[in-house]
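The block underneath contains the structure these notes are about, expressed in structure tokens.
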Amino acid sequence: MAFPKKKLRGLVAATITPMTENGEINFPVIGQYVDYLVKEQGVKNIFVNGTTGEGLSLSVSERRQVAEEWVNQGRNKLDQVVIHVGALNVKESQELAQHAAEIGADGIAVIAPFFFKSQNKDALISFLREVAAAAPTLPFYYYHMPSMTGVKIRAEELLDGIQDKIPTFQGLKFTDTDLLDFGQCVDQNHQRQFALLFGVDEQLLSALVMGATGAVGSTYNYLGKKTNQMLEAFEQKDLASALSYQFRIQRFINYVIKLGFGVSQTKAIMTLVSGIPMGPPRLPLQKATQEFTAKAEAKLKSLDFLSSPSVKEGKPL
């Protein structure tokens, strides 16, 4: 199946779902968030309601509202809005997929169900096919994240012959450190023009060498500009500069991982860097500590990823 939109490539920000201190979704700041991504970070593609967006901690109604707000606010500003519609049951996923098509999203993605798990490739494809069929006009992406789902079916195996079963399949978000599996996804499918999007931000340069066509990640919300510089250096075959950018990004990510880094901490960092309030996470996650935020701020400044005047004045960088 051919789609009129250009192939999804480059950086894709895995968007945060902004919340109030009471844990309700803070819809009014999403428009400001879109402008920040485009103008300050140079990121024009987004992945909504994924892990970073706490999609599986939201109700179906909330997920629909969040998706609609991002599509509406991103119109004529963003290149592509991909909505994650994965859920623990096929009916909810189908409802969310159909809704994504109705509101004008540019694609849908689905993670493997992780309570009752697919035991083999055929079972997983059967689930994915039913969801994709609910939005037959939209490009379909598989969200591969075995560390969270516990589903150990290799992406290379899943991609073998997948378009025969799911004609709308256009690529995958590969969130795993197994570069052998990712490399074989590229090697075995180079004729198919899939979007092969890497999802481990601190290893992106390695994936680019393997043939990644883009990347989906949380750090592109606030380090998108720096990561785009790495992509530009790589495209110009300036590997030394690309490596320098990757190492600087790694220094920050390595530091915050040692402190304890997840969705809660991502919200705190994005609030700090952008000046847009992301609020706390939803239970069962806990809000990042002030100690974490202070240490992350100091590290960002030491790497020249953050300038003091912008933070003091509450302005985005």
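Every residue, even glycine, has its Cβ placed from backbone N, Cα and C.
Model, not experiment: these values are computed from the prediction.
The following features are taken from TrEMBL:
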- THR52, VAL216: pyruvate binding site (BINDING)
- TYR143: active site, proton donor/acceptor (ACT_SITE)
- LYS173: active site, schiff-base intermediate with substrate (ACT_SITE)
**Request:** Going by Cα-Cα distance, pick out whichever of the recorded positions THR52, TYR143, VAL216 is nearest to LYS173 (active site, schiff-base intermediate with substrate).
**Result:** TYR143
**the residue listed as 'active site, proton donor/acceptor' versus VAL216 (pyruvate binding site) - Cα distance in angstrom** = 10
**Fill in**
Same-chain residues at least 6 positions away from the residue listed as 'active site, proton donor/acceptor' with a Cβ under 8 Å from its Cβ, in sequence order, are GLY50, HIS84, GLY86, ALA109, VAL110, ILE111, ALA112, LEU172, LYS173, THR175
**Request:** Enter the number of other CB atoms within 10 angstroms of the CB of THR52 (pyruvate binding site).
**Result:** 25
